[in-house]
There are 2 protein chains.
Amino acid sequence: MNSEKLLHLFENREGEYVSGETISQELNVSRTAVWKHIRKLESLGFRFDASRKLGYKLVFKPDRLSEAELSDRLRTERFGRTLRLLDEVDSTQNVARKLAEDGAPEGTLVVAELQTQGKGRMGRSWISPYGKGIWMSMVLRPQVPIHFAPQLTLLTAVALCRSLMRVTGLTIGIKWPNDLQIEGKKISGILLESTAEDERLRYVIAGVGISANLEEDDYTPEVSDKATSLRIAAGKPFDRTQIIADFMLEWEQLFNVYQSGGFDAIIPLWEALSVSLHKPAVLLTPQGVIEGTPVGLDASGAIIVEKASGERAVVFSADMGEPST
Amino acid sequence: MNSEKLLHLFENREGEYVSGETISQELNVSRTAVWKHIRKLESLGFRFDASRKLGYKLVFKPDRLSEAELSDRLRTERFGRTLRLLDEVDSTQNVARKLAEDGAPEGTLVVAELQTQGKGRMGRSWISPYGKGIWMSMVLRPQVPIHFAPQLTLLTAVALCRSLMRVTGLTIGIKWPNDLQIEGKKISGILLESTAEDERLRYVIAGVGISANLEEDDYTPEVSDKATSLRIAAGKPFDRTQIIADFMLEWEQLFNVYQSGGFDAIIPLWEALSVSLHKPAVLLTPQGVIEGTPVGLDASGAIIVEKASGERAVVFSADMGEPST
């Protein structure tokens, strides 16, 4: 038995109590197994009323995405058109990478309700509770040399930021290179994993995590200083299907612009949304600390930093912070 | 049983015939299994004399690398110091990638006597018969952004070319970007597979195939127009252990120079060995055909091509050919 069958049983008896005995008989499993699956569903956000006499009643179902509904609302040609909607995965990146190795077409999208080992940048973990966020990975097969892979990260941040602002009405900014923030708190992370042979990109797995409908108590106090969700910021939950469908369309359109016209068209869009430009910053690079004011992106996607001396540095990779005052 | 045990049995009875009956008893396998393993060893280049009365005698052993001997002759600090010497693999790239994912240190080297699915550039296959070539892959963990991955391909070609010329005394040139040639015929191929998270390289698997001791009849007539071996070119076989040990040292030294001083130090070395500069060429790029004269590398490792108009193009990725006359 899996928890899915138990859930269907409750969904067919909406509002009713079902005795453990009945469940055990209908699904042909032990009472202990029934109890374990109830606990499992509770851990995913389902809530049950348990009565010694009457049995269990399903009283709350978390929001769940539907493959049919999402497919129906997509307005894209390729992005999301091959779709894997999964309940629980270790990491959508791993699932998408396997699909890519097996030849999945560009635009193949993996979305999961729950990640047990969500991946953030540099091996950091990522909070991804059931049914509240959008945890997804997409297969890209861009026809560009490996040099340009970082441009795709910036492009993805632009597409996500534009579509989220449109859907939510919130003001969202991009912290270099690719964190989305509302009033300094992170609401989304992007991680692109690239695989290349010599200078040719074989594929890119673009991982996007959106803290859509997470609530205050999903965050530890420590994390809530640095992270928030669309729901917390707006004071209301959002339709995750709409968020995904809108993002897919924006992303595909920008990707097409990029493939035909190059990165030049993306630079001003990124710069317009960035919250990292024109104010003093400290950049921790693998080669050492750079202090200065980021002034824009160069043609390759690196950030241009103007130092106090007037000298300009081009930074490919760094953690960016504010100078201590 | 594996073929290895059968081989040891013959090696302990050098020059003697051993009856199928004896082998079958000593190794506790059927006569049919013995016959199958003899055939397997023959396919790897071993030769047996078979007599109905006396049994089998091992009459020819192909050259085999020894882990102990190779380790002993290495003069490196890291390159090759973690060593996996395998008899038969699908592809050394696959073995090395798994090791890298499991955290293998930089310099981990995989060498195989035989590849059943040797990988060339762009999915092309690669002839890699038993015991005659050097088929290897190494784990690199360079501290450079993904932009610079193609520089490592050029660096590897320089290290291999310099070390092979020193060991063999032959004149060897580099065809852009990374084929090694003797008088226009390919003797070595290099394939670097990179894996990155955003702009950070996680690891690079550097695959190197060297047609060391292949003989005329290892090549089909079609291939022998375009490829040769060190043995054919020099008229004598070479010590593969020495080739590997010398390459490891040259490669490690160049890699150290690169890590501390950047690509600038590598450019003149590559240009000095290149056979692709200063003569007309046709480059088939993903963006179209470029005709012109390659004049050198730019700071990122791309090739600079001067067109008839005097205009210069910078090419990251292409197949290079000669103009038809």
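Glycine residues also receive a Cβ, built from the backbone N, Cα and C atoms like all the rest.
Sequence-distant contacts of the DNA-binding region (B:20-39) (same chain, six or more residues past either end, CB-CB distance under 8 Å): 1-3, 5-6, 9, 48, 50, 55-56. Sequence annotations record features per position, and here TrEMBL assigns DNA-binding region to B:20-39.
The Cβ neighbour count for B:Q115 (biotin binding site), using a 10 Å radius over every protein chain in view, is 28. Look at TrEMBL and you will find B:Q115, B:K186 tagged as biotin binding site.
Marked as domain 'BPL/LPL catalytic' by TrEMBL: B:68-259.
Cβ neighbours within 10 Å of B:K186 (biotin binding site), excluding its own Cβ and spanning all shown chains: 17. In the DNA-binding region (B:20-39), helix, strand and coil residues by DSSP number 16 helix, 0 strand, 4 coil.
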